[in-house]
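A short write-up of the structure that comes next.
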Amino acid sequence: MANKEYPLAKFRNIGIMAHIDAGKTTATERILFYTGKTHKIGETHEGAATMDWMEQEQERGITITSAATTCFWKDHQVNIIDTPGHVDFTVEVERSLRVLDGAVTILDAKSGVEPQTETVWRQADNYKVPRMVFINKMDKLGADFLMSVGTLRERLHANAVPLQLPIGAEDSFSGIIDLVKNDAVIYKDDLGTVMDETEIPEDMKEIAEEYRTMLLEAVAEVDEDIMMKYLEGEEISVEEIKTALRKGVLANKIVPVLCGSAYKNKGVQLLLDAIIEFMPSPLDIEDVKGTEPTTGEEMTRPADAKAPLAALAFKIATDPFIGKLAFTRIYSGTMKSGTYVFNSNKGKRERIGRLVKMHANHREDVEELKAGELGAIVGLKDTTTGDTLCDDADPIILENMEFPEPVIDVSIEPKTKAGQEKMGIALAKLAEEDPTFRTYTNQETGQTIIAGMGELHLEIIVDRLIREFKVECNVGQPQVAYKETIKKHVKAEGKFIRQSGGRGQYGHCWIEMMPTEGEYEFQNAVVGGSIPKEYIPAIDNGIQEASQSGIIAGYPVINFKVKLFDGSYHDVDSSEMAFKIAGSMAFKNAMSKADAVLLEPSMKVEVVVPEEYMGDVIGDINSRRGRIEGMTPRAGAEVIRAFVPLSEMFGYATTLRSKTQGRGNYVMQFDHYEEVPKSIQDKVIGERK
């Protein structure tokens, strides 16, 4: 089956996305079961689902890395990307959407649209991905299909058009009305493979008629021929409805809504049928855009296996057995194993070791991947997320993906000295896999710092260090990097005299120290040789070393400049060391007179919240010593811009989630340093001592 050649029109590259716990992985499992890829269905709550293949995912029952899987249904090849629903992992969703042609959004029938659904939907809008919705968990207490459809319209402003209605709900959910065919499907067994196609039950004929009329009106909006027939009261065939629906979905004008219970195996085959009938093939989407690496001029590539190669590496993962895997979407051309490709972002040639198609965590080796296919490459050395692979004779750079800056950082150290190098290698590998994770060394404390998108994100990173890389480590509390500066222009003396038999030490200098906006500056204004030239650099060094630890709380001193204007020396006792000490003494004396103050990092914060929570959120920002800069409306929400001290932003993600019922999100980045109020300064000094 897998070796059969499929024409591009019979390819479907789709993502399955949802809020955490809407039943997305379960739905994917059922799809794999019905398409004959798995022989036993894995249950998420037993920790055995095929798609969730990292240990942490099986324990937590959530999906963290998006696994790309190939399966087959009704003579079509379907490539499915399972994406995580937790807010800390939106980067995975962002990457998946970049390489998909269509998406299935799964909602929980008792909750409808949830916060992460909104985030993912906005991301899909950016990439203009055609979508359909599967309302899952119809068998659960509180399941309400029509309420869920309502939330799609109200919260996402989607033109949601039901193609089905459930027969019964909760325990009595027994089948589905197909509004396109105008009949019903009643399930007869637990695996959902035995079903009866029958007439619509008598007690539901009226509501079915009402919703079928709404369906016909929606397709008439996108197809003029149907509009004419509809207005003239002519019969519209099932085929005509399907063709018009497909047209509406591809133009992002219609969002078809289906229902079922993946866990109870109801509605999944109908979902598969709809994916094939209404989701785009690689031929239906626009040719992929890119730029010529040297000239920067825009170019496109068609979805054609005979065209020059253009492929995008959208995820890097490390497999314990075969090493680095680069998950790749081929947009045009053909990639063959054992050949060379050109990485146009890095300007390097790379050799393709093997090409594999993934089924969750099982692999199938293939000789080639063609336009429209998704697969993983083994053997690439320099390729990272977002890189383009192409022919060096026909280079192209596909548009790069933009990833948010990390917003939280903590210090990390190995439990043993021997673990230091091992930890460094492991962190570099993890940073390569995940562009929203950063690692660096704090120059002031020498600590290794890891930064990421949220607390769960960093927890999972630390967890992977322990499990995959066998590095035991201690993790600190999130920290703020304070600085010190001066406010007054002062003069000060530094005099170091040491006489203890034999040769003594003598260094003496006078400096002026003044505040400045820029970097540290040292000016030598000594005239008449009161300090010999060879000792001047020693004074500069002494001042710079002393400035690494200020007099308020021992933080580095910034934004000052020094003018050396006088001093004296001794023919025998003067030395570089003596003048270095004199320089540091002059600096400390000057600082004690110059109104020294503590500075803290001020962050530029943007919060996106639905209007009804705005008052609460603004009040909370003010209570964090925030300064509101402005507000602008954006698609049913408000964007609040403010400057807030970093020390007040710890734990903000959790507060924002609870204040907005999870519907708000925010980004922050460092903007500038500013003076700390006296009361806070005293508190910081107290904590340092």
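In case you wondered, yes, glycine gets a Cβ from its N, Cα and C as well.
The feature domain 'tr-type G' is assigned by Swiss-Prot to 9-283.
Taken from Swiss-Prot, the feature GTP binding site covers 18-25, 82-86, 136-139. All chains included, 27 other C-beta atoms sit within 10 angstroms of the C-beta of ALA18 (GTP binding site).
Every protein chain shown contributes to the tally, and the Cβ of THR83 (GTP binding site) ends up with 25 other Cβ atoms within 10 Å. The Cβ of MET138 (GTP binding site) lies under 8 Å from the Cβ of ALA109, PHE145, PRO166, ALA169, PHE173, CYS259, GLY260, SER261, LYS266, GLY267, each of which sits 6+ residues away along the same chain.
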